[in-house]
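Student: Supplied in structure tokens, the structure appears directly below.
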Amino acid sequence: MVVDDLHRLASSQFKLPVAPILFTALAATIGAFLLSSLRSYILYHRKMSLFPAPNSDSAFRSFFSSKARDKFLSNAQELIRQGFSQNKFAIRLKTDFTDVLLLSPRYLPQLRTEDRLQGGPYTVQELLGYLPGFEPFRFADQMPKFIPDVILTRMNRYLSNVPASITEEVEVNLAENWTDEKDWHSVHLHGTMLGLVGQCSIRTFLGPEMCRKKRWVDLHTEYTVAVVTAVQALRKWPRALVSIVQWFHPKAKAARALLNEARAMIQPMHEQRKRDMAAGKPVPADTLTWFEEVAKGQAYDAAVVQLTMALAGLHSSTDLLCAVMLNLSEHPDVVEALRQELVQVLKREGWKQTTFSQLTLMDSVLKESQRLKPVGRAFFKRVAVDNIKLDHGVEIPKGAFVAVSNHGMWDPHNYTDPDKFDAYRFARMSDNKSSAFSTVSVEHTGFGFGKNSCPGRNYVALQLKIILAHLLLKYEWRLPDNYTPATFNNGFDLIADPFAQVLVRRRLEAPEVSLRQNT
């Protein structure tokens, strides 16, 4: 007993107090973290301050004033011109969501395989993908290879089926929306083309039943419009308040409701498809099957995947189709040349996938329209996950939001008369592989560049050519008198006149060739 008491007494004399030690360690850890964060913050802003900023503003002023943001939204073109006149390598722009380091396209060869620049985090922040109802904008960050793998390893294998299936949807849609009326009548160009592209895409993604299900076709387009307009509305609020405001904002509430409706429609189909595949039953070759094959048991939200696909391609494809049609409405001689090319090639080759790769002039018109008005003034949007050194002394700090300017597509060093629509520009280069519509290059970045260029561009090219073939051989269209279409500028975004009405009528002559696949 005595020995034990002495042992306990001796031990107690040397026992250090636990609470002060933990407090000291915690304080030291927090202090080190804060010092490290402060150091990173200072280094980041020091590096970013080296670049010209044509619409710069202090953090304090930008919180209470929208002046810098408004300059960006209304006149990004002039800001970019001013910036690159001061520094031809890189500039800093205060956009409507953060500061962006905008690089010259000369850096594309260096950036094409750069793994320290990641696209997912940029999209999440720019398009508010962290909010409920906006999940399609964060899907690519959570599962970055999922959709590209499905497109490259599954969907592209079935492109030979596309001409026959899509032509059915084009016929149905145009008969309903453009009608067979042979007198001139007015239609809303963007609205009718959005529905047409959406129906054709759904036919490829989900098959004939869903693409004729009006509520899904409407929801498919309604959600993409609702969520994009919600993003635009919420970005007008201070960033710190967005997570609160979104619960009450009507546009954000509409996006959430539409996503929930999409889940109610897609989830039962997804569950049934999984059961059929597990039982070894025959299943259609569509995205429900392909995503399940690629997922290999990994959980995912099937409705979010479908809407992510829609957001990735629906608006950009529709916008390009509208741009082409507006350009052609001002060049009737090109319309006639396109018709002649179609008749000649279709008579020789028939209505099949390989035929459409031989439409040299149509390729040129699509590529030239995309060059003259891409979907944005910037692309290759990324976040730097580490410090990156580029040529000519340009250093990208860790955490920087980075994009590449598209001004190479309007550079007179790359193109003669770059501001002019030249339908034959790329047709004259047809012996050059880079002249094909779906080919990317440093000079033409309509589909991006490098390993992360659009994986679905071959499908997009085929889909748009099929639609144009129907429009050219079956219809005439023109602009109303005294109407000049205008490109809508909104920050980096460039949108073919979303308000344009066109006058259309069914051609008096029947199509000179069949727009159906020979059986």
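Note that Cβ sites are derived from N, Cα and C of the backbone, with glycine treated the same way.
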Student: Of Asn327, Asn482, which one does Swiss-Prot label N-linked glycosylation site?
Tutor: Asn327
Student: What same-chain residues, at least 6 away in sequence, bring their CB to under 8 Å of the CB of Asn327 (N-linked glycosylation site)?
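Tutor: Residues satisfying the criterion: Val365, Glu368, Ser369, Leu372, Phe421, Ala423.
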Student: Within its own chain, what residues at least 6 apart in sequence put their Cβ under 8 Å from the Cβ of Asn414 (N-linked glycosylation site), listed in sequence order?
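Tutor: In sequence order, Gly408, Glu443 meet the Cβ cut-off.
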Student: Work out how many Å separate Asn432 (N-linked glycosylation site) and Cys454 (heme binding site) at their Cα atoms, rounded off.
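Tutor: That comes out at 21 Å between the alpha carbons.
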Student: Can you tell me how far the Cα of Asn177 (N-linked glycosylation site) sits from the Cα of Cys454 (heme binding site), in Å?
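Tutor: Answer for this pair: 30 Å between alpha carbons.
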Student: Going by a 10 angstroms cut-off between Cβ atoms, which of the glycosylation sites Asn177, Asn432 has the sparsest surroundings?
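Tutor: Output over glycosylation sites Asn177, Asn432: least Cβ neighbours within 10 Å is Asn432.
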